[in-house]
Amino acid sequence: MIKLIVGLGNPGAEYEATRHNAGFWLVDQLARMGGTTLRVEGRFHGLAGRARLWDQDIWLLKPSTFMNRSGLAVVSLARFYKILPDEIVVAHDEMDLPPGAAKLKRGGGAGGHNGLKDIAAHLTTQEFWRLRLGVGHPRNLPGGAGAGREDVVNFVLKPPRKEEQQAIDEAIDRSIDPLGLLARGDAERAMAQLHTVAR
């Protein structure tokens, strides 16, 4: 069962269209589907709303704390509503997957993602679900061999190219039904459905 879906990103118009905000894009789509408007919730350090999705009430959250402090928002809402770590899905950009790929997994390391790292620290566990939305890696760009840390930061804080954006949008669309299966407690089918079409 899933009770909270968190999208990771950075607040502010200047970050809205950047690769790092792929998690926000997914949550925005779910809010539209659930006919809800996310509102500023100071006690939860973000934009939050309850949506009716897959015949269940599910909280949606977009932290407004900037990426590396996302855990504060997640733990605040989860504690208030007594939501357990394994009832949480965190949607985030994933550089180890190409644009158009999406994968679900529970637990595991942060893979260098500061948002995931902070959430694990605040929840004191890594046993929450992650929806990894592929955005690609700068080393795969022309002349991108041996991309350093600065290249990575610049890459995630820039908008994807048009064809990449289209692929990411398609991956988000394709993630909706598997998320519904996961929300209803069928994790195996959720992963099988999403991963059989993952590129």
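Easy rule for this one: first residue shown is 1, then count along the chain.
Just so you know, glycine gets a Cβ as well, placed from its N, Cα and C.
H20 (active site, proton acceptor) falls within a helix when secondary structure is assigned with DSSP. Residues or ranges marked as active site, proton acceptor by Swiss-Prot on the basis of sequence analysis: H20.
When other Cβ atoms within 10 Å of the Cβ of Y15 (tRNA binding site) are tallied across all protein chains shown, the result is 18. Annotated tRNA binding site per Swiss-Prot: Y15, F66, N68, N114, in sequence order, evidence recorded as sequence analysis.
Within 10 Å of the C-beta of N10 (site 'Discriminates between blocked and unblocked aminoacyl-tRNA') we count 21 further C-beta atoms, all protein chains included. According to Swiss-Prot, the site 'Discriminates between blocked and unblocked aminoacyl-tRNA' annotation covers N10.
According to Swiss-Prot, the feature site 'Stabilizes the basic form of H active site to accept a proton' maps to D93. Sequence-distant contacts (6 or more apart, same chain, Cβ under 8 Å) of D93 (site 'Stabilizes the basic form of H active site to accept a proton') comprise L8, R19, H20, N21, A22, G23, H113, L133, V135, V156.
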Cβ neighbour count (within 10 Å, all chains shown) around N68 (tRNA binding site): 12
Cβ-Cβ neighbours of N114 (tRNA binding site) (radius 10 Å): 16
Residues within 8 Å of the Y15, F66, N68, N114 Cβ centre (excluding the tRNA site residues themselves): N10, H20, T65, M67, R69, S70, G115
DSSP state at N114 (tRNA binding site), helix/strand/coil: helix
